[in-house]
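*Asks:* Quick one: the structure is below, questions incoming.
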Ligand SMILES: O=C(CO)[C@@H](O)[C@H](O)[C@H](O)[C@H](O)COP(=O)(O)O
Ligand SMILES: [Zn+2]
């Protein structure tokens, strides 16, 4: 195998996926940022969830809100539902893996909060149940997904936001999810605290 060739191919695929995504995702990223800003201005918080690499993305986003993104500003309220191993293992053990996020949302979610639900396939059962629980708690949902949106898309309400990456590969979709997360952080900071220039 020519590894240099393979590396260039992966970079090219990622760049092309991002270019395609840039052409279609602008409006939905803007809408998602406004939905999150409204939530934060109304004393709400953002709960996040996902599996595998998307669990990492959920934590990445919540830490950027809780700590900071690119500038000094007050902490913002966000919580990743992927980190409490005692809670997650007991829910999975006693009930089912599909309920690991939804049971936390039914306890912690308040009307006006936002759920950031991340799934490249849009078909992970625990993320789907999380969306249902969020709606039951009168929360709005920002969905980060890909491909055809999966079952996630049909669960979303008109007032939710869907950032659906036009790609098929899980890895490529995840790479755009991280960029979308950084766009959201940038837009949230600018809407809440103004432009730095
Ligand atoms: O990071 C990767 C692949 O890049 C994997 O860990 C991946 O996140 C896992 O297979 C997830 O379980 C996939 O779930 P989903 O994105 O379909 O909801
Ligand atoms: Zn990955």
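Just so you know, the numbers here start at 1 and follow the chain as drawn.
Cβ atoms are placed via backbone N, Cα and C, with glycine included.
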*Asks:* TrEMBL has 51, 52, 53, 64, 93, 94, 119, 120, 121, 124 down as binding substrate; which of 4, 174 does it also list for that site?
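*Replies:* The one candidate that TrEMBL places in that substrate site: 174.
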*Asks:* Highest CB neighbour count within 10 A among the binding-site residues 53, 174, 182?
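*Replies:* Sorting the candidates by Cβ neighbours within 10 Å, the top entry is 174.
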*Asks:* At a 10 Å cut-off from the C-beta of residue 64 (Zn(2+) binding site), count the other C-beta atoms across all protein chains.
*Replies:* 20
*Asks:* When the Cβ positions of the binding-site residues 60, 64, 93, 119, 182 are compared with the atoms of ligand 1, which fall under 6 Å?
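*Replies:* If the test is a Cβ under 6 Å from any atom of ligand 1, the answer is 119.
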*Asks:* Taking ligand 2 as the reference and 6 angstroms as the Cβ limit (strictly under), which binding-site residues among 53, 60, 64, 121, 174 are close?
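*Replies:* What lies within reach of ligand 2, judged by Cβ under 6 Å, is 53, 174.
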*Asks:* Three states by DSSP: which one describes residue 121 (substrate binding site)?
*Replies:* coil
*Asks:* Using DSSP with the three-state reduction, classify residue 93 (substrate binding site) as helix, strand or coil.
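*Replies:* Assignment for residue 93 (substrate binding site) reads helix.
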